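Sequence annotations record features per position, and here Swiss-Prot assigns ATP binding site to Gly10, Pro11, Thr12, Ala13, Val14, Gly15, Lys16, Ser17. Swiss-Prot lists Thr12, Ala13, Val14, Gly15, Lys16, Ser17 with the feature substrate binding site, giving sequence analysis as the kind of evidence. Look at Swiss-Prot and you will find 35-38 tagged as region 'Interaction with substrate tRNA', backed by sequence analysis. The annotation site 'Interaction with substrate tRNA' is assigned in Swiss-Prot to Ser101.
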Amino acid sequence: MKETVISIVGPTAVGKSLLGIEMAKRFNGEVISGDSTQVYKGMDIGTAKVTKEEMDGIMHHMIDIISPDESFSVADFQLHAKKCIDDVLGRGKLPILVGGSGLYIQAVLYNYNFSEQRRDESFTKKLEEIIEEEGPNQLYTRLKEVDPVQAAKVHPNNHRRLIRALEVYETTGMTMTEYQQQQQLESPYHLILIGLDMDRDVLYDRINQRVDHMIDTGLIEEVRDLIDRGYENCQSMHAIGYKEIIQHISGNQPMEYAIDALKQHSRKYAKRQLTWFRNKMNVQWYKMEPSIIDEKIEFILNDLAGILEEKSN
């Protein structure tokens, strides 16, 4: 019989972390972060990591495991997160994967086999040299020619994803979408997928308020510290919440412009997250309402209790 794994997904600022903690309390679980940026040490405010106080004694995994200058691919994330799931299950507890990084969560929950793809190190090195010497535009143009769907999802400055997409095409002859579809096999787990949504205007207000809170609690100081430690040009610093503040600190944008850009990018990201999870995964959706958040959480937990009881019978 497959072991049960729960995943809570949805857009940023919708309330996933709080539900995950309450769920872990109710069902003897532990939380595994499904956020691709929370793995980085020192990147706390901009990635909206839960604090020790907010964790309220619940064990959290996949947070603060590498430095901002270290490379951490989807395959790396999958390997580490699956080990966490095995560890939690091995101690008789319920793994609860919580986050909004769609591809990363999908890679963990399904049998993506990254090891089967042969990597041509010389080809990879050649692409890296082209970017270093000429910038990313030549490679981005090539990606638009061979895989326009993936090109629309990848920013030219995201060199790692740009190279990865071209690697897949070069070594398999498939687009990234085709490759991912081939890789998505049956899940090794009994999955319970819970999605949180919210009225768009309410969600966007929450996102704007979260950004203001990040600024008030020291995001600019956090980014300055990361720059002072030599991380400014690392891939991790291209994440939403960091690239915008870097533009301000470097003198390219006034503070209010940087904050507005951060809010706008976060809202657009939330929209992309919802699209991903609605199209890619068979999720049971629940609409959250901030004014009655406790009641909504209790409703979801009661629903889940029924599902788990039914499985055990």
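Here the Cβ of each residue, glycine as well, is placed from N, Cα and C on the backbone.
Sequence features, as recorded in Swiss-Prot, placed on the structure.
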residue: Gly10; record: ATP binding site; DSSP (3 states): coil
residue: Gly15; record: ATP binding site; DSSP (3 states): coil
residue: Ser101; record: site 'Interaction with substrate tRNA'; DSSP (3 states): coil
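Neighbour count (other Cβ atoms within 10 Å of the Cβ, all protein chains): 20 for Ser101 (site 'Interaction with substrate tRNA'). Annotation for Thr12 (ATP binding site): spatial neighbours Ala48, Gly100, Ile207, Arg210, Ser266, Tyr269, Ala270, Gln273, criterion Cβ-Cβ under 8 Å with sequence separation of six or more. Sequence-distant neighbours of Pro11 (ATP binding site): residues of the same chain at least 6 apart with a C-beta under 8 Å from its C-beta are Gly100, Leu196, Asp197, Met198, Leu203, Tyr269, Ala270, Lys271, Gln273, Leu274. Per-residue pLDDT, averaged along the region 'Interaction with substrate tRNA' (35-38), amounts to 97 for this model. A gap of 13 Å separates the Cα atoms of Ala13 (ATP binding site) and Ser101 (site 'Interaction with substrate tRNA').
Its Cβ taken as reference, Ala13 (ATP binding site) is surrounded by 23 other Cβ atoms within 10 Å in the chains shown. You'll find the Cα of Ser101 (site 'Interaction with substrate tRNA') roughly 9 Å from the Cα of Gly10 (ATP binding site). DSSP places the residues of the region 'Interaction with substrate tRNA' (35-38) in helix, strand and coil in these numbers: 0 helix, 0 strand, 4 coil. Counting other Cβ atoms within 10 Å of each Cβ, the lowest count among the binding-site residues Gly10, Gly15 belongs to Gly15. Apart from Thr12, Ala13, Val14, Gly15, Lys16, Ser17, the substrate site neighbourhood in this chain, defined by C-beta within 8 angstroms of the site C-beta centre, holds Gly10, Pro11, Leu18, Gly100, Leu196.
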